Amino acid sequence: MFAAENGLKGDPRLQAISNAIRVVPHFPKQGIMFQDITTLLLDHKAFKHTVDIFVERYKDMDISVVAGVEARGFMFGPSIALAIGAKFVPLRKPKKLPGEVIAEAYELEYGRDCLEMHVGAVEAGERAIVIDDLVATGGTLSAAIRLLERVGAQVVECGCVIGLREVKGQLRLNGKPLYILVEPREIDGC
């Protein structure tokens, strides 16, 4: 579900967020219109709007875990977690976390990958949200959901800054709601 369809239609913050995202054509390969959120992070007002909208959504949902997907979920997740009084749990690529981890493999459009989480970071019964910058196919978010559910967490929702209107991945999210702030931009207006 898009924020504009869930009570934020016409909210100028959404346009500011969209405008702050730089589009880089043909990166990392021909035909890809890369949605670069680093320019959003440089715009303190747009960055604050992004965090504020997620906080407004999740502050009264009794969330105890904000799980951020490496690496761009780390940009937004900690701020959201602090604001709603939850812990932040990084979901990392293989061999990035010290200590004992559990892992979940998943398919990408161009191969396979894996997410890992520290054993004991999340406890059974905790209510969690998963945060990332962009959702396209849903493979990464699905792996995050499976990882959290394996330890008994209740995944309430996945939140992404950017998402395709026809998110194919929504079918792969095990029935979990998906909250998206803006659609990808087609041209670079920055």
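Positions of Cβ are set from backbone N, Cα and C atoms, glycine also.
What TrEMBL says about this protein:
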type	residues	note
DOMAIN	52-162	domain 'Phosphoribosyltransferase'
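Helix, strand and coil residue tallies for the domain 'Phosphoribosyltransferase' (52-162), in that order: 31 helix, 45 strand, 35 coil [DSSP]. Here the domain 'Phosphoribosyltransferase' (52-162) returns a mean pLDDT of 95 for the predicted model.
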